[in-house]
Amino acid sequence: MFITGYAVMAGAAERLVLGYDSFGNICGRKNTPVKGAPLSGQDMSNKKYVFFLNSCSLELQSLKISSVSLCVSSCPQEQLNSLEDLQSFARNNGSCLCVYNLNVSSYTLNPKAAELCPTLPVPPSKSFPLLNRCVPQNPECYSKYASVLISMVNEMDVFHRILSGILAGRDTVIGLSVLALAFSSILVLAFRFIRTLLVHTLIALVVFGLLLVSGVLWWLYYDYRNDPSTELETQKENVKFLLGYAIFSTIVTVVLLSLMLVLRKRLQFTVQLFRIVGKIIGRIPFLLFQPLWTFLILIAFWVFWVAVLLSLGTAGTAQATSGGQVEYRALSGICYMAWYHFVGLIWTSEFILACQQMTIAGAVVTCYFNRNKNSPPPHPVLSSISVLFCYHLGTAVKGSFLITILRIPRIVLLYLYNILKQKESACAKCLFKCCFCWVWCQESCLRYFNQHAYTTTAINGTNFCTSAKDAVCILAKNSAKLASISCFGDFILFLGKVFVVCFTVFGGLMAFNYHRELQAWVVPLLLVGFFAYLMSHSFLSVFEVTADAMFLCFAIDMETNDGSAEKPYFVDQELLTFVSQSNKLTEGQKHRSARPFQDNGDGTELQPMV
């Protein structure tokens, strides 16, 4: 809360993208006065462009352009050779190119007009799409102007370049997020009514998407690398990131294609699994709406998070200098606050997803342990939400916090790896790659056990640590039988997430590639990919959590009941048949005559509940 309040009070994100003049006014909005600057605090709502009085001979001093800058409503399209031309342009276009305190009628009469107006002749210019600057079109002036602007962008720190890229592409990011939402919604409906043909179609689309994205990334990398106009630091960073993305995408493509080839024989079991899961969801239809609420909450949080981040990036104090001009001085320690804020993004996002998982798990548990399968309990989703908020928020906080703790080392390892990459230390790079993979595997395992801990909490009502211990014990006893059943279903769901990310990232590549100038667009693209994955995970986790909760309930059902008349099992015939057939396929020919799943110690065979 302290970070949020401080960022909102001290930041002005509009300065990054809208631009501001030499007197502390942000172009394109109303402004508040700055003490000691009489020309500050003006209404610039209709003046959206930054115009430099001396655009043909700019100089850069301490990341600041020496020329006086003004907010104007339009840039001069033709060359202006005299004060009379400036006066005529102001009257015809409503755009005053002289300092604000000089009246238009005094352009030709005031003896100080030459100091308060732009250097003559004023070259023709047009607005630049990113920074809203009036860029001169005269070749000689443009060359000097561009060199100064390139130097200014290159000397900006990476944090501010990324913020500029996010702000410049904010409309594209929003559009791509909506596209990811549409893909996720379509997949949810598809998995609800899944058929064998749909599974094959999904796999074909995922293969096509992986090959397409990998090919486009390699093509863009070679295109950027061989582009002779690559001078900006942002463009050089784009080339480095594109190479990393292309390599990563290629590796993922090869791995996933190999897994698809190995697991192709289990497609029919996957269809049957999703039919059983769909049957449970059919009893609790409101589960399909759960991702929508999660999505809306995530969007609200992400918008809030980005707004605070942009405010942090522009946090500073406006100080008047000699001549009534204003300078913005950045405050120290902002980068540390930004890292703290980034940790908050991961933790809060994981907490929101954990709440959804607990809600789904609670509803599935209520439905599974209901004796009368034809009469499901009323309002299981609302009941699960109520129990979550009354008793188990701490469980969601602890689980999401553990995921966050394991994600931070991954970020640190990536940062150190990028440093070592410049020093060309092969052994160190290999070591960091191994550490990164190990941390990633640990995070995946923890996420898996967290999910089962949430289900155990919904069953027993115990705290996180106790539930995690019980879940580990149950999974250890039944891991060989349950893992093979749910593994391929989770893999198909993961392919669904890959489908959403691939086609969203492809749309982002095409959209961002049209605006190369001064944009660190690769980082916003990574943000889009992260948002697309979280959206698809939020939607498809309905089936993932339902399946995992169902199998954990099945294992606990075996542990606590003996199949007798006094303690009958809760499992129904369809699930029992599926588990039996799946285990026979896994165990091979020598176990085909084995009993359906597991015999209890007293010899009672597992029977479905009638």
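Cβ from N, Cα, C; glycine included.
Curation does not apply to TrEMBL; its annotations are automatic.
Taken from TrEMBL, the feature region 'Disordered' applies to 586-610. Sequence annotations record features per position, and here TrEMBL assigns transmembrane segment to 173-194, 201-222, 242-263, 284-308, 491-512, 518-535.
Among the stretches 173-194, 201-222, 242-263, 284-308, the one making the largest number of Cβ pairs under 8 Å with the transmembrane segment (491-512) is 201-222. At the 8 Å Cβ cutoff, the transmembrane segment (284-308) and the transmembrane segment (173-194) share at least 3 close pairs (sequence separation 6 or more) and count as touching. Here the transmembrane segment (201-222) has long-range neighbours at 187, 190, 239, 242-243, 245-246, 249-250, 252-253, 256-257, 260, 492, 495-496, 498-499, 502-503, 505-506, 509-510, 513, meaning same-chain residues at least 6 beyond its ends whose C-beta is under 8 angstroms from one of its own.
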